[in-house]
Amino acid sequence: MFPMLTEFMNYGQQTVRAARYIGQGFMITLSHANRLPVTIQYPYEKLITSERFRGRIHFEFDKCIACEVCVRVCPIDLPVVDWKLETDIRKKRLLNYSIDFGICIFCGNCVEYCPTNCLSMTEEYELSTYDRHELNYNQIALGRLPMSIIDDYTIRTILNLPEIKT
């Protein structure tokens with residue numbers, strides 16, 4: 001008779017322990033119910049990127065001296081720099097500069113090590129296309145400045161959202 005009593009006590013303890021675990025999980029769920037949602041309605045609302053966000057690279061053609069430091073520091077040798085040596089002035093003249101963003105890993109080494117600061121990172125991150133060849137940007141496409149999210153009147157940013165009272 002005593003073994004049956006101890007089994008019943010073990011069953012009761014297990015039931016209490018299971019109820020405690022379920023209660024702990026329920027309390028965690030309830031603690032998250034008061035928080036605001038993290039998701040946003042993406043095409044219509046956008047997050048404002050941080051100051052050091054590494055988005056699309058902006059290139060200033062006039063500042064580039066065709067030193068190819070960006071190619072040497074790139075872990076995948078991505079930037080394509082075409083130049084011609086001007087013999088009369090003994091300097092390189094930049095002919096073409098391009099970056100394929102389908103391959104770029106956005107490490108920022110090219111921007112950091114550029115001696116003339118002709119490269120900079122923008123806050124543009126929407127680079128998706130249906131054709132991967134459209135991701136190969138030449139110096140004209142790299143020279144375009146993106147529209148700032150804050151200046152875009154068609155998009156509600158998180159700063160402009162109405163506050164939800166809790």
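The chain as shown is numbered from 1 upward.
Each residue, glycine too, has its Cβ placed from N, Cα and C.
For 55-84, the entry in Swiss-Prot reads domain '4Fe-4S ferredoxin-type 1', with the evidence type sequence analysis. The [4Fe-4S] cluster 1 binding site annotation in Swiss-Prot covers C64, C67, C70, C114. The [4Fe-4S] cluster 2 binding site feature in Swiss-Prot is assigned to C74, C104, C107, C110; the stated evidence is sequence analysis. Feature annotation from Swiss-Prot assigns domain '4Fe-4S ferredoxin-type 2' to 95-124.
You'll find the Cα of C114 ([4Fe-4S] cluster 1 binding site) roughly 13 Å from the Cα of C107 ([4Fe-4S] cluster 2 binding site).
Cβ atoms under 8 Å from those of the domain '4Fe-4S ferredoxin-type 1' (55-84) belong to residues 49, 91-101, 103-107, 109-125, 127, 137, 139, 142-146 of the same chain, restricted to positions at least 6 beyond its ends.
Least packed by the Cβ count within 10 Å, out of the binding-site residues C67, C70, C110, is C67. Residue counts for the domain '4Fe-4S ferredoxin-type 2' (95-124) under DSSP, helix first, then strand, then coil, are 5 helix, 9 strand, 16 coil. Spacing of C64 ([4Fe-4S] cluster 1 binding site) relative to C104 ([4Fe-4S] cluster 2 binding site) is 20 Å (Cα to Cα, whole number).
Of the chain residues outside the [4Fe-4S] cluster 1 site list C64, C67, C70, C114, I65, A66, E68, V69, V81, C110, P115, T116, C118, L119 have their Cβ within 8 Å of the site's Cβ mean position.
When the binding-site residues C104, C107, C110 are screened for a C-alpha within 10 angstroms of the C-alpha of C70 ([4Fe-4S] cluster 1 binding site), the residues that qualify, in sequence order, are C110.
Surrounding the centroid of the Cβ atoms of C74, C104, C107, C110, where the record places [4Fe-4S] cluster 2, the chain contributes additional residues within 8 Å, namely I57, C70, V73, P75, I76, L78, P79, I99, I105, F106, G108, N109. A gap of 20 Å separates the Cα atoms of C107 ([4Fe-4S] cluster 2 binding site) and C67 ([4Fe-4S] cluster 1 binding site). For the domain '4Fe-4S ferredoxin-type 1' (55-84), the number of residues in each DSSP class (helix H, G, I; strand E, B; coil) is 5 helix, 8 strand, 17 coil.
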